[in-house]
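Q: I have a structure I would like to understand better, so I am pasting it below and will then ask my questions one at a time.
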Amino acid sequence: MISRTRLHGLVFVATATAIVMWLSFNFSANLAARGMTIDFGFLSAPTSFPIGESLIAYSSGDTYLRALTAGLLNTIHLALSSIVLATVFGIAVGLAARIGHPLLTSAAKTYVEFTRNVPLLLILVVCATAVRGLPAPRQAWILFDGVILSSRGLYLPMPVFSGGWALGIAAVILASTTSVVWKWSLRGRSRLGSFPFASRISLTFCVAGFASLVVWICLTTSMDWPRLTAFNFRGGWSVTPEYLAMMFGLGFYTSGFIAEIVRGSLAAIPKGQSEAAASLGLSTLLSLWLVQAPQAIRLTLPPLANQYLNLIKNTTLAVLIGFPDLVSVGNTALNQTGRAIETVSIYLLIYLSLSLITSMIIRRLERRAQVVKL
Amino acid sequence: MNAFRRTSANLLGCIAAIAAAGALLAPVDASAGKVMDGIRQKGNLVCGVGQAVPGFSAPAANGDLAGIDIDFCKSMAAAVLGDATKVTYRQTSYSDRFVLLASGEIDVLVHDTTTTLNREGAQKARFTSPNYFDGYTFMVAKSLGVDSPDKLADATVCILQGSTFEVNTENFFKSRGLKYTPLVLGTWEQLDAAFFGGRCDAFGGNYGNLAGSRAAHGNASDYIIFPEFITLEPYAPAVYGGDDELFLTARWVMFALVEAERLGITQANVKEMATSSTNPEIQQLLGKTPGNGKDLGLPEDWVVKVVSAVGNYGESFERNLGKSSPLMLDRGLNALWTKGGLMYAAPLR
């Protein structure tokens, strides 16, 4: 005798399968009727368009796959820096709301209401207009020697290692030997109560190695200073106005939500906890830090994951202010090749993967933050 | 019992969601060759046009869209439906236009669109003869003191996404071994804001579009557009491959507009010419001598309807792009072949 729940399950699976089959049949029939095919072959074809900024070397003539990868890395780069910014500001504002000082509380409240109630697009457009309104390169603001702010972005001097690959390899080898030696020496210490002779020698060796590495870096490093050419600055390390606008806009907007999550989670901790902390003589700050925050983290993580997912998806608005994220580069690729369905399915797959990875990471953190049952 | 209720609630929710998705993906009638029938059946032509591209498709003072592309949409409706007002304008972005054409959302695409091999070969667009010959170049502020595109090394260039411009710019700078920074945006409005706001040193685009932006901005004398054309950009209306009847109509409407100009048929005199002209070419063009209409499957007076609605090609040009428009463009390449330009019509017989 089949149970009712199982019967419902079977009906559901059958219906879902039928609907999916019907949709895919329609999809392919409609494609055939319009004479369209699906072909991802364009990914290995050479491009003929530029990308404004890229973390990997890219120039026209590289493959579409590389162009899309450059866009994806820009998306991840932007998402990560915005997440850091939003989290730092969010936690700060959330804590400020709980400290109990009336001025701080109302300031935090205003901040939250403002960021949460202004549409993100508006914030981004305002940010973009603000950074573009900076003076032209020839009238740029020189904040410090080599730190230049203009409508072309923020330029900083950049250290250049001429040591190259050898330097990186040496650093990796040194770091791994150090960690092995360190563990070994700790093990020795717990057994003998003091550093054994062998570990002392290897420690000396490690310290000497690090010292020579530092000297080597200093000797082989030169600074690349930004300098003014006919129109723009060249050289140095630069951040474009579009990147700045996106990072601040997304960070600012999301921090309001995060602040509210932090405040709410702290408020959800039973009052007895803070009263107990106070009766032990802990100050408000210490009580927040040592007693309330560790408990609140468990409540914070799930809604925080939602905010991170939203932020990652909101990076696609970059296309409106000209930051070459995945969608912006993909739209150009789509236009050059006419491969709309393929490009859009690549977007879907990538944003789905980014979201799944983010929630996986947060779920791990949640597991670590769980109360240990005795 | 609770678990059972929850399961069935979940089940119902899922089914509802899937049904909703199904409704969105329901089959559409998209059989090839039926676009023209569809236009006739609904008595309306869906024309894909630009969003705020002055001179081509932009709102006029009275709020209606105006431009040389809009005039072509009206001509098509006049020829097919006998009424130039039976057009639904669908303002599309440069990135979306070919997708909308391929999916049948728009019947005709008239969107300052350059004819390219890839667009015809891979994207199945079918272009008529050009309604505007343009060339790619750059606009810069006069204050920069740059007098040639060759002196744009290290410049930041504002470029439109979804056009031929990204490739034009790349080819130009690459062939000269110059470095530059692109800022790619999706609409003319965003580009205008970025360029006139000082974010870019140069604004890459076709002469006609750049002149439109400069005119709309006001102090036109502060900016120069380099007269050297880097590429030729023949703008042409397009339909989606597979409907010969619609394609032929679009192709010959374009020719008819040009031929009317050569024969001196204007919006003002077309009705009179149709009845009283003794020129055999005019008699055949305007349907007094029947045949053209029948060959295309249109009423014999289709050219009368077209020219009554928008005038001949020259009138449409002057009104939207020429001396009586804010853009003040010369006819240049767009003059008739009899006057040293590239505009010609194949014989309408």
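The backbone N, Cα and C atoms fix where each Cβ goes, glycine too.
Model, not experiment: these values are computed from the prediction.
Okay, these came from TrEMBL:
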DOMAIN    A:72-362  domain 'ABC transmembrane type-1'
TRANSMEM  A:7-25  transmembrane segment
TRANSMEM  A:76-97  transmembrane segment
TRANSMEM  A:118-135  transmembrane segment
TRANSMEM  A:155-182  transmembrane segment
TRANSMEM  A:203-223  transmembrane segment
TRANSMEM  A:243-262  transmembrane segment
TRANSMEM  A:344-362  transmembrane segment
Q: Most CB pairs under 8 Å with the transmembrane segment (A:243-262): which of A:7-25, A:118-135, A:344-362?
A: A:118-135
Q: Please report, as numbers and ranges, the same-chain residues at least 6 past the borders of the transmembrane segment (A:76-97) whose CB is under 8 Å from any CB of it.
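A: Apart from its flanks, the transmembrane segment (A:76-97) reaches 55, 104-105, 107-109, 111-112, 243, 246-248, 250-263, 266, 288, 304, 307-308, 311-312, 315, 318, 323, 325, 354.
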Q: Can you name the far-off residues of the same chain, 6+ from the ends of the transmembrane segment (A:344-362), with a Cβ under 8 Å from a Cβ of it?
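A: Cβ under 8 Å, 6 or more out: 68, 72, 75-76, 79, 301-302, 304-305, 308-309, 312-313, 316, 326-327, 330, 334.
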